[in-house]
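Feature annotations, reproduced from Swiss-Prot:
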BINDING   THR13, ARG17, THR277, GLY321, GLY421, ASN425  ADP binding site
BINDING   THR13, THR14, THR277, GLY321, GLY421  ATP binding site
BINDING   THR13, ARG83, GLU84, TYR135, ASP255  sn-glycerol 3-phosphate binding site
BINDING   ARG83, GLU84, TYR135, ASP255, GLN256  glycerol binding site
Amino acid sequence: MTDAYVGAIDQGTTGTRFIVFDQHGDVVANTYEKHEQHYPEPGWVEHDPLEIWENTKSVVTAGLSAAGLDADDLAAIGITNQRETTVVWDAASGRPIHNALVWQDRRTTSRVESLEENGKIERIREKTGLEADAYFSATKTEWLLDEAEPLKLSSARASSLRDRARDGELLMGTIDSWLIYNLTGEHITDVSNASRTMLYNITDLEWDDWLLEEFDIPREMLPEVRPSSDEAVYGHTDPDGFLGAAVPVTAALGDQQAALFGQTCFDAGDAKNTYGTGSFYLMNTGEDAVSSEHGLLTTIGFQLSGEPVQYALEGSIFVTGAAIEWLEDVDLINNAAQTAELASSVDTTDGVYMVPAFTGLGAPHWDGRARGTLVGMTRGTRKAHIVRATLESIAYQTRDIAAAMEADSGVSTTTLRVDGGAVKNNFLCQLQSDIIQTDLARPEVDETTALGAAYAAGLAVGYWDSLDDLRENWRVDRSFEPEMDPSEADSKYGRWEDAVDRSLAWATED
């Protein structure tokens, strides 16, 4: 099949993108719209699901128009999405009962702490591969069923939200499910997204009864779990809808798993790091679900139709690109492009370390009460030092993960494939290579998350025949090798660890 294209909807934390790819994996059209971030209280982060859906329709329509294509020119559509972000909606009206609770949202931290106090953390880890955290969908869904009650009272029916969910009147899903539902009318998720809910047993490959009971979440509201690339097809777009054609929707992957797939990390030991709002370092572990002893997550990487699940180890860093946004928020820079110029204007940070724990710390620390910290400042500190320290924090956090990854897997990564908006910054890429003392490879196509969704969708309909076809598409834009002496990198990293210690458990409750 060569006379068509594949489309990928990339629904991210800050906006929604639609990219059309050709058979070489090259971008034919790329359109994007931001959506509003809602912060109703400190530590709370919400998105409007209806705004996301409207933006999705807008970027898909604009992308096809920009490429001079009709919807019939698409062989398939794949979806990739911000993971863990949770929506509950009315099955009849299709309207959400509340804003989506975003993966960064920390409102359920105390609930997670109660799980720890009651000795349930290890059992959750055994079933899900996850560290119990407010990051995941389980406590978000529980909160919505408990606390969205006032929004429901305007409806004709006065029964509880849980009763309505048990009766099939309310549906829950991550953003992939929300988009699949609006595109096709089907209530579906894929294994990679299901594995991020803290409700899915990644060994038995099913929603877990014990977890559903713990969080009092009715099974009836959960989506059907399907392969990430599904020859059986999730559904088709409505020919009477906004596209005017019945396009098959055949794939879904959480954004980081999609990047793993787009970077063609198909074999055990292959690893990538994506630098976005947060950073996410994943290593393919094949058919083995490797348990972590060093604060990493065991997660599902992807599943192709008729094939076994492929697992991955993951290090989740909550704040990287968001730290650059913070520099803009406090007027230290005007735009992200300034960071390289400012950071390279000084040789060092002059002893300044920045720990961007604005929403707590993820792997390997898993401290929801850690907070952002700047240490080591003097009267001689200038904004260039702070900007450089912020970029260095991205590299140090990645080294945290790389060390844990090697300890858990027994595999030393020789070349780390990198992607995401921040890797356009050559200064950061070289710094990252120096700090982790590992070669970096940046691909020509930098939209690897969307590319992974497109690859998965295209495989399902025979647009590409095999994984080997995809491997042939992968091309290096630039490689980076360590230039820093290993002893210097170790010394800098040691001081980073001291700075992290000062950020931990800062946001204690009275």
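Cβ coordinates come from backbone N, Cα and C, glycine included.
Using THR277 (ADP binding site) as the reference Cα, a 10 A cut-off selects THR14 from the binding-site residues THR14, ARG83, GLU84, ASP255. Compute the center of the Cβ atoms of THR13, THR14, THR277, GLY321, GLY421, which mark the site for ATP; besides them, the chain residues with Cβ within 8 Å of that center are GLY12, GLY276, GLY278, ALA322, GLU325. Shown are the binding-site residues ARG17, ARG83; the one with the most C-beta atoms within 10 angstroms of its own C-beta is ARG83. Excluding the listed site residues ARG83, GLU84, TYR135, ASP255, GLN256, the same chain places GLN82, THR85, TRP103, ARG196, GLY254, PHE280, SER316 with Cβ atoms within 8 Å of the centre of the glycerol site Cβ atoms. Inclusion criterion for the binding-site residues THR14, ARG17, GLY321, GLY421: a C-alpha placed within 10 angstroms of the C-alpha of ASP255 (sn-glycerol 3-phosphate binding site); this criterion is met by none of them.
When the alpha carbons of THR13 (ADP binding site) and GLU84 (sn-glycerol 3-phosphate binding site) are compared, the span between them is 11 angstrom. With respect to their backbone Cα atoms, GLY321 (ADP binding site) and GLU84 (sn-glycerol 3-phosphate binding site) stand 18 Å from each other.
Largest CA to CA distance in the ADP binding set (THR13, ARG17, THR277, GLY321, GLY421, ASN425): 21 Å, whole number. The shortest Cα-Cα distance between ARG17 (ADP binding site) and any of the binding-site residues ARG83, GLU84, TYR135 is the one to ARG83.
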